[in-house]
Amino acid sequence: MSEQEVTFPTMRFHKSSGLNSQVRLEGTQRSRKAGLRVCSVPWQLIVIALGILCSLRLVIVAVFVTKFFQYSQHKQEINETLNHRHNCSNMQRDFNLKEEMLTNKSIDCRPSYELLEYIKREQERWDSETKSVSDSSRDTGRGVKYWFCYGTKCYYFIMNKTTWSGCKANCQHYSVPIVKIEDEDELKFLQRHVILESYWIGLSYDKKKKEWAWIHNGQSKLDMKIKKMNFTSRGCVFLSKARIEDTDCNTPYYCICGKKLDKFPD
């Protein structure tokens, strides 16, 4: 009986130890769960805070980029405005310079304009004198229709058609050679006064020298121009209102005689 009494309390002790262990285990598990719950709350706050910070950074970056582009665009507009003003300034300066040059040119051209007006008046005077002389001309039986003088040179227009040799002979009858044109101005003057016909002039092809030569081997400032015309060496040259050209010397044309004279012949 004494052994049973001893054993029973021992068994109760073991049971109470198991209960205590179970209680402790459950308490420990509860403490861990509570600890996990307590620890999970700060991590959520950290994630939220980081999200807010990232959002703020994105907003700041977006604002910065927007401002940067606005600044770049504004700077570009300013540069364009400055360039436009610079171009306008250059254009205004060029305009002023051209205006000044035109003013100076008009001042420089004033004497030339006065000279041209003087020449025009002289031309009109000569034309009127030429007309009066032409009206007083007479027919001598050799077909002289009219004659006139310009400056110190007089011209005879023989209005019967003949060959170049015949023209030369008719001019010699008046003691005046077939006309030799001195320069471009005289050529234009004669072309302005002839009617719509062709006239022999004192230029023919010298077969011995193989070149074009004026009557009596005279010199003319038209020689270079005649060389550039590339005449076909057909013999003789005639003048019309539009051109001078070579042709067969036996072609019948009117005739122009001309010579520098001190007075009109009787």
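Numbering starts at 1 and runs along the chain as displayed.
Placement of Cβ uses the backbone N, Cα and C atoms for every residue, glycine included.
When N104, N160 are looked up in Swiss-Prot, the one carrying the note N-linked glycosylation site is N104; the rest have no such note there, which does not rule it out for them. When you check Swiss-Prot, the disulphide partner of C255 from the set C149, C154, C167 turns out to be C167.
Note on N87, N230: Swiss-Prot annotates N-linked glycosylation site at N87; no matching annotation appears for the rest, which is not proof of its absence. Each of C149, C171 is a candidate, yet Swiss-Prot gives the disulfide link of C154 to C149. Of the listed cysteines C171, C236, C249, Swiss-Prot assigns the disulfide bond with C257 to C171. Within 10 Å of C257 (disulfide bond), as judged by C-alpha distances, the disulfide-bonded residues found are C154; the full candidate list was C154, C236, C249. Residue counts for the domain 'C-type lectin' (143-261) under DSSP (helix as H, G, I; strand as E, B; rest coil) come to 29 helix, 48 strand, 42 coil. You'll find the Cα of C249 (disulfide bond) roughly 25 Å from the Cα of C154 (disulfide bond). Using a Cβ-Cβ cut-off under 8 Å and counting only residues 6 or more beyond its ends in the same chain, the transmembrane segment (45-66) has no close neighbours at all. Looking at the topological domain 'Cytoplasmic' (1-44) alone, the prediction's average pLDDT is 51.
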